[in-house]
Amino acid sequence: MTIDSFPGSTPGLDGGGVEKKITYFSNKYVLGLTVIAGIGGLLFGYDTGVISGALLYIRDEFEAVDQSSFLQETIVSMALVGAMIGAAAGGAINDAYGRKQATLLADVVFAVGSFVMAAAWNPYVIIFGRLLVGLGVGVASVTAPMYIAEAAPSEIRGGLVSTNVLMITSGQFLSYLVNLAFTEVRGTWRWMLGVAAVPAIIQFFLMLFLPESPRWLYMKKSRSDAIVVLSKIYDPFRFEEELDQLSAALEEERQRRNAISYWDVFRIKEIRLAFLAGAGLQAFQQFTGINTVMYYSPTIVQMAGFKSNQLALLLSLIVALVNAAGTIVGIYLIDHFGRRKLALSSLSGVILSLILLSVAFYLESFGWLAVLGLALYISFFAPGMGPVPWTVNSEIYPESYRGICGGMSATVNWVSNLVVAQSFLSVADAVGTSLTFLILAAIGVAAFGFVFLFVPETKGLSFEEVERIWKERAWGSSVHSESLLENGG
């Protein structure tokens, strides 16, 4: 794969009028912003992955945890409660104070929570620490995709936002490496949970040197500062085009500017349709079982007959590696294949993989078949339903509603995540692991239908063009919007 064949091949013009392609690697400044902002995704992924391994050793140290499925689920799920609250507040924090300040706040809260868990003397202190890291992760889960999307040229926006998802999957992979590294160290789980503070501290200091999102600056604070940032992102031709679009968006906001409220999301038809698509994608991402696989993959491997803690962690490391590799494929496909087609293809494979997992656990003696099912599930999920919900949610809302709707849809993701994490082991105990995976497969079928009916294609479109799609869907009448819908799929 050549650099020029990577996401985004729409030509622009450089300062001399020579045709110039916008590619994933063509602007190192934007790529640097993306990677540093994406450390928030790394925190998200590390926290998701590390608890699955740490839980094995927490159970060994605290008898109360070992004897209670509910306490195990609460240790896992309390971070999700925090993330739910953090995501719900994160939209308003982003709108009021900007993407940069929101990221710095998330880093501080996450680092404090990591230190609390590492020093915990009973399971309830661990639960409190999990709540704190969850708050940090929740704010970061709203902020990182938004920051990246607002700094990205539309041709490569999908690939750059998907880089944040690559950081999530890399964080999960890193967490399994850390879990394996500390299996023979005294205080195993304390090291696993405490070391999570390191990337948060690194991001905090790197973010001090990064600018605020140029779109937030232009719309909320300083047009001159926004112009400085935009000039580093776009060639002169595209720079003027972006300024024209921002100027038009600012004027439109001034004309309709009333206080933005949560009720508007449901009252205004085009915003409601956009939120339905975005929130639905976030819910189905979780209800098709991804974080069940990531949180409980060592436990699932043990259920499949592999009883050693270290072997369970090693096999889970392979699952996490496949997840990260699949996301790299998704970075390429999302700006070439498109968001909608990629999600539909991904869900088709996810449904088949969940059926295979169901069969494997029904037959019981086929442990390796269950591990194969896990690997196939991740291979299909990672390129599509991993990055698509976050990418779509970073680009489908108008500027004035992006923070509120982004926060609300991320909250839907975390609420769904909480429901699945809190119920998986209990449901598996009640109806059997085989039937549990079959239920997830049925949800996958419903997700396929939802994407087919409600999610438009947004590949390569500017924020303003995406906004016109929703107005066309809500009210019709615009010939220009009709052509956009046809192009979008």
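Including glycine, each Cβ sits where the backbone N, Cα and C put it.
As given in TrEMBL:
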| type | residues | note |
| --- | --- | --- |
| TRANSMEM | 29-58 | transmembrane segment |
| DOMAIN | 33-459 | domain 'Major facilitator superfamily (MFS) profile' |
| TRANSMEM | 70-90 | transmembrane segment |
| TRANSMEM | 102-121 | transmembrane segment |
| TRANSMEM | 127-148 | transmembrane segment |
| TRANSMEM | 160-182 | transmembrane segment |
| TRANSMEM | 188-210 | transmembrane segment |
| TRANSMEM | 273-296 | transmembrane segment |
| TRANSMEM | 311-335 | transmembrane segment |
| TRANSMEM | 342-363 | transmembrane segment |
| TRANSMEM | 369-392 | transmembrane segment |
| TRANSMEM | 404-425 | transmembrane segment |
| TRANSMEM | 431-455 | transmembrane segment |
Fill in the blank from the handout: Given the transmembrane segment (273-296), its same-chain partners at Cβ distance under 8 Å and 6+ residues beyond its ends are 48-49, 51-52, 76, 172, 265-266, 319-320, 323, 343, 347, 350, 354, 374, 377-378, 381, 385-386, 388-389, 392-393, 396-397, 405, 408-410, 412-413, 416-417, 419-421, 424-425, 437, 440, 443-444, 446-447, 450-451, 454-456, 470, 473-474
Completion exercise
Same-chain residues at least 6 beyond the ends of the transmembrane segment (29-58) with CB under 8 Å of its CB atoms are 65, 72, 75-76, 79, 99, 103, 106-107, 110, 123, 126, 130, 133-134, 136-137, 140-141, 143-144, 147-148, 151-153, 160, 163-176, 178-180, 188-189, 192-193, 196, 199-200, 202-203, 206-207, 210, 232-233, 291, 294-299, 309, 312-313, 316, 320
Exercise for the section: Would you kindly check 70-90, 102-121, 311-335, 342-363 and say which stretch has the most C-beta pairs under 8 angstroms to the transmembrane segment (127-148)? Expected result: 70-90
Practice task
Might you confirm whether the transmembrane segment (188-210) is in contact with the transmembrane segment (102-121), defined here as three or more C-beta pairs under 8 A between residues 6 or more apart in sequence?
Solution key: yes
Handout entry: Long-range neighbours of the transmembrane segment (369-392), counting only residues six or more past its ends (CB under 8 A)
Key = 145, 149, 157-158, 161-162, 164-165, 168-169, 277-278, 281-282, 284-285, 288-290, 293, 297, 300-301, 303-304, 306, 315, 318-319, 322-327, 329-331, 333-334, 339, 342-350, 352-354, 356-357, 359-361, 363, 413, 447, 455, 458
